[in-house]
Structure formats: structure tokens, C-alpha cells
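Below is one structure, written out as C-alpha cells, with a few remarks after it.
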């Protein structure tokens, strides 16, 4: 840890205002996570220290609120010396304040990174003098074994309660000063006394009393998981995730053991065993290693430590070390070798009535000898004077709170649980630089500044390797700066299904290779390495698809192309939207905005489905390339339905991109879709007022959510087809060999859908945050201010309870835009102006109206839809929309006849066979769906 700051630096850090939160006083800020800010605080009466974790309810969606409630419920009953206790829980209108035990030494991550300065810290000076950090490693092995014993004790306690933590990492392992202070510590040094959750909160169950006490924190992802159960939600921190979680597979409590192995490796080596700039690359490195965990040659780790790490870091959870084997390992149960003389346990200590032996599995260690408790002594919090700085209660700003039904009693006010030992009276401890209750990563100050090389002993190539390693580490920390990755169950299902199809050998009989897994990440151009941001973004939901109008020729491949030229981003949809924008957006926008100010719209990153290319490819081709007669069988209908649904989603996506581009005039490739305060998003809005920002954000958000629902339905269609094919093949009724063209095409659409869904999800989350930010900047009397919006107006399709203005719906926006585009196209058609553009506008309007009529669920065949409500579209309204679509199709058919005549006139007479153009290939729409089979 860094040395204690000087008075001058400390005075600058104390420039904060004390805030009363119930019976506690909030002091300085000590850490920040994705959704919470951690403050140091004190109990107002006793002046004992606590950590106050303030969670901003406005940043939480429904899933994260459930996680928070689960965390509170779990922590209420977790009373263990090596688990951070929840002391109290207070709630206000905007925040929930978790009052936690205060851990003055911060987290294990900072402890490892600042290991070279531990010798200068008053809390750790004596420890380092006894157990110095050796060259080529991170922490002394005595300290490593001590921390591992305490972590294992916490995990054993959780397993006894059928709990899985799911986010074990150094940042969630907090450290407290040694329960038995070093004899060299001066009583004149600054003193700090934490408020205890129980009498045994700071009495180690295992390990040494002369070394820091480790506590497991942050149970936001913890859940009850019996030994025979499997979970499927992807959560945790990527660097410490088990590979089965990274692969979107179901997992059990053994996922925690992988995380323990990564933490143990980092304590020994100083860095995680696998590092990468994104979770897909991380999984690739884990798979490539093939269970060969390498340690640096100069690392002095013992063989049994290396064997334990390798047993924990098994790729296959079936062959990974079990909890029983881990808890019975000699490193966990045996004595710690290499102890200093003062820490060696006394073997023949006579028993005393006041000595209570622990139930630990290592009777010969110091951790099993609990010093007698002086029952006549005062509680610790009454033995020490309060801190010097004190503000009278009346002078502090008040924060009205309402205590939750749970308020944890402290010290002797409740019965002790199993394995709880009365603590020994300890002398005062000085204050340390604090970092408590699992705060987020802080900036690293002077990284590697204390590392020195012996002169004349390091070759030049080692310096180059060191520089490369530092760059890789920097890139990794930027990519994983966010604490969490949270993916909803739907996201896991979609990505898992897309991966299953991508790697199925039956789809690649005549292809050069499988599709790359990297498309699992959101398809954000030029920033794919950092696109899987979540979390610390809030929540991610995954699914997706899209396609082009059947009346146009296109490539059969649906793989995305991220060209930077204007032509690569130009499509029929973008042309149609731009045409309508140029003529109608001046009055169609609310509030009116000049689209030219936002630059190109849709932005250059927009790649439509399937981009309306000039090449021609049929729906189904046989092995010799000849066109097959597409029979209206079930598989052909599935392809048609899948592509139509994907195309509708793409039209909605293009409309949302227009709004997004006006809201954020920068290219999406330069954006970070995590937070309104993220780098690259603090743009000067210029003439974009808060009212305009709210309007654009609301419209973009509801359109993105509509696109997500259509993409999800596309994946459901493909999933149902996949289940039918597997069932039929298992029964011997069909074979994939004769359906290879269909299956390959569906596979490509699924991969496109997955990529587009991830991209839309990221942008929707960013727009949501921009909406919340813009709403807060509105005047309090504005109708769109959060205080003036009711729950009834909240967007029902969003991933969180975002309050949008009444009447702002995707269906209304899409209907108005389709009507504007069709009217403008009709006027141009009458004046014979830009007839190809008129066709594009008609097709886009039809697709947009079909998206309005589209339901979110796959409807069974033959189910009536008359006089029913479907996704907010009433039966009568549905009839009106169907009539409008029919009229636009009639105009489209008339226009295509006119275009065919013009194309025939322009054909040279010498040509014996007319070469059809993109428009000439169009066929009349089928009555059932309004779409012909794509050609």
C-alpha cells in the first residue's frame, strides 16, 4: 500500500462536506464502482468507522435492482470473520445506502500492485521486514498462503449455505490491518476503529493474527445454487471468469474455483494468468493454453502452490479440482512453512478455561490459538479517542432516510454463529489509506515506478519484452476497467445459439471454415475490442437479425462489411430515409432540426441488411450453381420468414440511426456506449437544447427497442427451425445434406442477427443514459422532467424503467415516417422525378408499416388476429394499416411496370437477352406477406 499521506496532501483530500445519513455521518469518497460510490463514514455517536456504499437507483435497471435486493438478503445472514458484514441498510428517494464493515487497507488488487511500497506503510512495515517480497514474484509465499487460507474459509462457509459468489477477484477481496498489531507500531500514530458486525468480525478463523485480515466482499452476483444445480447467467469480471461462463454454457459452483485459481496465480506472479483486450480473445487464449499453466522461470513459487493453481485452472469443469479436494489440500489444512520465529505456534501451550480452540483443520498453526478474552475490558470502540475532525450534528446537511426493515445488530446484541470466537483485546491501530467495500478500480499512480533492474544484468531484449508486457497490461486494463459484465439470460441464449450454428460442421461442408467467434461481441466498427462493455454499463440483452427487400437483387452472404467509403454505407434504406429527411424532416422533427447539421445520416457505420448490392444470387443454389426450384416447403418458408423479419428490423434500425446521428454528431466508432461521461461523449451540443436532446433520445430509444424485439423474434424463428431439424434428423426423417443451401443461408442470417443485436443493444444503452442526463437538465416544471412523469408513461420495452413522455412510441413514429415517405414518393412519381428513389421509398414505407404490424412473439399458424390487441395495435387500427400497405403496394406495382417499360426502351436492340437491373428483377408481392421470395 502507499505510504500514509502527508498532512498537506491529507488536508486537500479532506475538502469534503460531512453528510448525515441516518445515524451515520458520511465522510470522504474512497472508491467508485459501476453503480455505486463508496464513502468512508462513522457512526455518529461512537465515531467508529464504517464504509457507506451508496447505490444510485437511477442507474439500475430491473435486473440490477434484483441483484441488489439479493445482495442485501444474502449479506443479512452472512456472519463470518472473512466476509464483509452488512451493518445496516438505509434508503432514500434516490439512493440505497449499505453500511458495511470498514476495511482500512483497501483491496488485494492495490495491495499487489503497490507491493514495492508496503515497506513504507505503518500497517505493513513490520510484515515486510519478516516476509519480504522476493524478486520474480508478487507476494511472499507466507502471505499468499495466509490469504488463501482465509479465502478458503469464506468459501467453505458459502458452500455450507449452497451459495456461489460468481465474482471472486482481487478487487472484491478487502484487507484489514492485522488483528494483532506489530510491536513496532506507535500508539501516537493516527487511530482508526471500525464498527464491528459481531464480536468475532476481526478475529481470523484461520491464518496468522500478525498479518492483514482478508474479507470477501460484493455479493451483488451471489445466488443460492445447490450442488446439483446449474446457472446460465453470464456475470462477473472477464479476467477471472471461468471458461464455461465465457462460452455461455451452464455452470455450477466450480466456476468460483477457477476464479480462486486466477487470484492465487496473481498473488504469486503479480498478474492474471490470462490477459486480453476482450472476453473473446481471453477465451481463445485459455483454450490455446490447453491446461498448461506456465510460471515465469524466475518465479520462486513452490511446487505445491503451482500444482494447486494448475488443479484449479482446468478448462473442463468436470476434471477441475472439487471443493472437497480444495478444502482438504495440504496448503489449506497444513501449517504455513517459513514462518518467522515470533509467528511459529507454541505446541505445548496449556489449555485454559478462557481459551476457546477453533474448529480449523490446522491445530498446530497460530490461527488455531485464540488469545483469552478479557471479559472486564471495554468494547474496542470505547477504548479509543474519536478522530480529530468533528463537525457538530446540527452543522451538517441532512439526508432524510428511511431505514429498511433490516437493521443488523452489532457486537453482543445477537447470538454468535458457528465458528465464532471471542476476540482478544488489541492495542490501537493507526489509520491507513482506505479503499473499502469493493470500490471500483482506481487510477494506478506510478505504475512500476519502484521497480528497478540490477545494473548490467538485464539484456536489451528483456527491456523490449517488458515494454510489450506493459502495453498489453495497459490495453487489458482499459478494456476491463469496468467491474462487471452482466448479460441477461436472453443474451446468453442468443449468443450461444449463434455459436452453435457457427461451429456446427454440418454447415461447413463446402466452406473454407467456420465463422469467427469474434462476432459474439457487439458489431461496432473499428472498436470491436471494446464493444462488449456492459456492464459497467448496466445490463445487456442479446439477440438480432435483419434483411433486405425481396424485390431487389442482393448477395447471398449476410456477413457484415465495415467499409469506410461512402458507397459501402449507402443502401436503399439510407437513401429512402435521407430522401424523406431532406424534404420532410424540416416539419417532421419534433422539435424541428436541420438534418444537415448532424452530418451524414445514417452514419457511415450503418450497414443495412443485406446492403442491396449489385451482385445477384438466388435464394437456393445447388452444388453445380444452378438455380433450384424453391418449393414452398417448411424450410423455404422459414428462410423467407426469417429474412423478412430481419429486414423489418433493419428498416427500424436505419430510422433509429437517423435520430442517433442527430443526437450524437460524432461517428459511432469514436463513441463509448457506456456512460454519458465516457471519453468521446462530452460533446458540445451547440444549438441542441435539453428539450431537443430529450425528444431525440426518447425517439431513438423506443426505435432501438423495437428493433431489438424484431431481432429477438428472428432468432426465435431460427431457433424453432433448428429444433425441428435436430428432432427430425434424430428420428431419421431428414438429413442436413440435402438442405445444405437452406441451412447455410439461415446460419449466415443468424450470425448477422447476433452481430446487429449486440450493436443495437450498446447504442440503446447509451441513448438511455443520454436521455436520463437530458431529462435532469430540464427545468423542474417541464413536462418531461423525471419528477413530472408517471410510471404509466415509462417505456415498457426498455431494459430499465426509463420514463418517456406520454405518446412517444415506436409504432407512432414509424407510421408517421412511412406516411411521409409514401406521400413524398407519390408526388415525385406524378412528376416523373427520381423514379428509382420512389421505388425505394415505397419499399421502405411498406417495411416500416409491416414492422408496426409485427408481433414480438412467433404466432402459431392459423391463429386469428381480428379484433385483438397485438403489441399495442388494436384490431381496427390493424385494418387501417393493412389497407394503407395495400395501397402503397398498388402504387409500387404501377411504378415497377413503368420502370420496366423504361428499362426495355433503354435496352440495345442487338441484345438477344435483356440483362435485368436491380429493379427489373422485382416481382409482385405475394398476398400472404406482401413480399416475394428474395432473389
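Residue positions begin at 1 at the first shown residue.
For all residues, glycine too, the Cβ spot is worked out from N, Cα and C.
Among 53, 63, only 53 appears in Swiss-Prot as part of the ATP site alongside 30, 31, 32, 33, 34, 35, 36, 37, 38. Residue density at residue 32 (ATP binding site): 15 other Cβ atoms are found within 10 A of its Cβ, drawing on all protein chains shown. In the three-state DSSP classification, residue 34 (ATP binding site) falls within coil. The binding residues for ATP are recorded as 30, 31, 32, 33, 34, 35, 36, 37, 38, 53; their greatest pairwise CA distance is 15 Å. It is 36 that, of the binding-site residues 30, 36, 38, has its Cβ surrounded by the most other Cβ atoms within 10 Å.
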